[in-house]
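What TrEMBL records for this protein:
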| type | residues | note |
| --- | --- | --- |
| TRANSMEM | 6-24 | transmembrane segment |
| DOMAIN | 15-279 | domain 'Amine oxidase' |
| BINDING | Ser16, Val245, Glu504 | FAD binding site |
| TRANSMEM | 188-207 | transmembrane segment |
| DOMAIN | 348-528 | domain 'Amine oxidase' |
| BINDING | Phe421 | substrate binding site |
Amino acid sequence: MTAEIWDVIIVGAGLSGLSAAHLLRKRDAKLRILILEGKDRVGGRTVSTEIPAANGFDRWDFGGQWVGSTQTHILELINELGLETFPQFNTGKKVYHTGGPGARVRTYRTSIPALSPLVLMDITQFLWKIDRLCGTVCVQDPSKTPNAVDLDSMTLHSYTELHSWTAELKEEIGVCSRSVFGMEPSQMSFLFFLMYAAAAGGLLPLLENTEGSAQEFKIKGGTQQLSECLAKRVGRENVRLGSAVTAIWQNAEWARVTTTTNTFLCRAVIVTCPPHLAGHRLRLELVAVMLKLESRLVLPGLEGATAESEAGAYSGSVPVCTKLATDLSLKAPYSEPWTMARILNETAKIHYEPALPSQREFLTQSMPVGHMIKFIITYQTAFWKEKGLSGEIVTGSSVDCPFCVTFDATSFSGNAALVGFIAGQQASQWSSKEAGERRKAVLSSLVKYLGPEAASFIHYEEKDWAKEDYSGGCPVNVMAPGLLTYYHPSLRKPCGRIHWAGTETATQWCGYMSGAVQAGQRAALEVLAELSPMILTQEEQAAVRHSQTVEAPAQQTPSSKLTYLSTVKAAVIATLTISAALLLAQRQNALIRVKMYLTSLFSTSKSNKFLF
């Protein structure tokens with residue numbers, strides 16, 4: 001069969017891939033662009049679903065949800081598509097509960113809970129250090145950051161252990177890590193954490209829902225319509241759903257992209273899927289062992305399958321599959337070679353020929369993705385507002401409460417709802433339980449924090465992103481210690497005719513929808529520089545060159561207003577809490593530790609003592 005010929009093939013119909021296609025089409029309408037998507041929908045890690053509500057049905061986001069006023073790339077796209085935003089509701093008291101089930105439940109209205117003076121001082125000095133370090137990070141090339149090797153050799157957990165002395169702060173960092181990354185602080189490089197925060201203008205913008213923060217606005221009608229609108233603009237006929245890419249082959253003239261049913265030729269490829277899915281195909285034996293350990297396999301569409309039809313898609317691997325099934329003592333239907341071939345084919349990653357550079361391979365194999373379960377609960381009325389509450393609840397890790405954070409999720413049309421996240425270790429623990437048990441635990445916790453009205457809901461809906469095909473987790477891939485300083489340049493560097501996008505490759509608001517748009521547009525400019533260089537301005541050509549080399553000039557992401565405001569607040573809080581801590585401290589060693597931290601906090605030395 002003759003392969004179809006295109007100019008550009010984009011792997012993934014999420015925001016990054018569709019933004020790349022949109023820019024390519026705008027700048028050169030003659031380009032033939034094909035988008036291949038494994039899912040049965042566009043949107044990637046954004047999905048909007050209609051569920052029962054007070055006034056019938058309404059639409060909520062079960063993936064990426066918020067945008068902020070400092071996220072320029074996504075806001076420009078929203079304006080271009082004629083969509084509108086509305087503010088996240090944050091008026092009223094917030095609920096804060098850490099320290100275990102028996103600890104006191106607190107309420108507060110400011111950015112920081114009403115904790116003890118010693119804890120407030122600990123939080124203040126920690127935020128001050130993080131902001132100082134974020135200001136030194138080179139987001140484009142983190143290896144240029146001062147003390148990069150040392151910072152990349154530790155985790156967020158190990159840094160927190162060294163630079164905090166209160167259990168409350170350590171628990172708070174765990175809550176932040178779960179809510180932002182879907183991971184525990186011990187699972188990511190501290191330098192990656194700093195880079196991620198620096199790309200957003202500081203740490204507080206990642207956590208707040210006020211002006212300039214990540215959770216500032218929502219999109220009327222949901223975020224998935226961004227991808228739906230882009231798909232219409234690039235042409236629905238150019239977007240092929242259910243077309244998972246299994247292999248990319250390239251030489252000096254062409255790239256050949258293969259799905260389970262078709263083969264295409266093109267001059268350039270943009271891969272936008274998450275790094276853990278964009279890497280090289282797993283060894284057959286390793287995937288088979290994984291299947292052996294999986295007790296809840298779902299095998300849709302196997303009726304009428306034959307050895308030839310199913311195993312043929314796996315390049316004639318029937319003998320291998322038969323041997324593996326025998327060696328692993330798999331029982332029917334998993335012992336059938338065509339069944340196993342299909343499983344292997346659907347769980348395998350993309351195969352590249354020639355193989356990708358070893359640095360790129362190692363990077364994608366070592367970037368785990370977060371684990372989040374997002375739930376929406378609809379109500380007849382927003383009873384929490386009537387009680388003077390904002391709907392925001394922040395909780396520490398607990399055997400009783402599954403979620404780490406909730407927010408008001410009332411729709412633009414006024415249908416009352418709450419949104420919450422079960423993330424990190426809590427997601428791993430609760431995902432193995434029955435859905436009814438999770439729902440019962442969530443509602444029980446909401447009753448505890450918001451009142452008995454929380455039990456009288458209309459509808460409960462959840463989405464476990466770890467079980468989402470061609471996502472395998474959410475919200476973002478992180479880097480383990482040691483990756484940034486040695487392998488990061490290969491994250492964006494093209495490999496021949498293959499270019500890389502996706503929000504993980506962004507330099508502004510990495511991990512967010514705005515980062516996805518920026519990354520897609522950057523990859524599109526790289527392709528245009530090869531296929532239609534005369535279209536680009538000199539500034540764009542220079543930007544493409546800089547994005548592909550580690551010698552690019554370092555550019556700092558502008559700090560958010562929240563960072564400056566927090567500095568003023570920190571000075572006031574520090575003055576008050578330092579005095580209070582000194583008066584209230586009952587033990588000599590506590591006084592000594594306070595003195596040591598104060599010396600470090602206000603030192604003007606350039607010896608980087610504030611780091612270590």
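Glycine residues also receive a Cβ, built from the backbone N, Cα and C atoms like all the rest.
Outside the transmembrane segment (188-207) by six or more residues, the chain places 68, 70, 111, 127, 130-131, 133-135, 137, 139, 142, 145, 148, 151-152, 154-156, 158-159, 176-177, 179-181, 213-214, 478-485, 506-512, 515, 556-560, 562-563, 566 with a CB less than 8 A from a CB of the stretch. Here the Cα atom of Ser16 (FAD binding site) is found 24 Å from that of Phe421 (substrate binding site). Over all protein chains present, the Cβ of Glu504 (FAD binding site) has 27 other Cβ atoms lying within 10 Å. Sequence-distant neighbours of Phe421 (substrate binding site) (same chain, 6+ residues apart, CB-CB distance under 8 A): Arg178, Ser179, Met372, Ile373, Lys374, Phe375, Phe403, Cys404, Val405, Thr406. Within 10 Å of the C-beta of Val245 (FAD binding site) we count 24 further C-beta atoms, all protein chains included.
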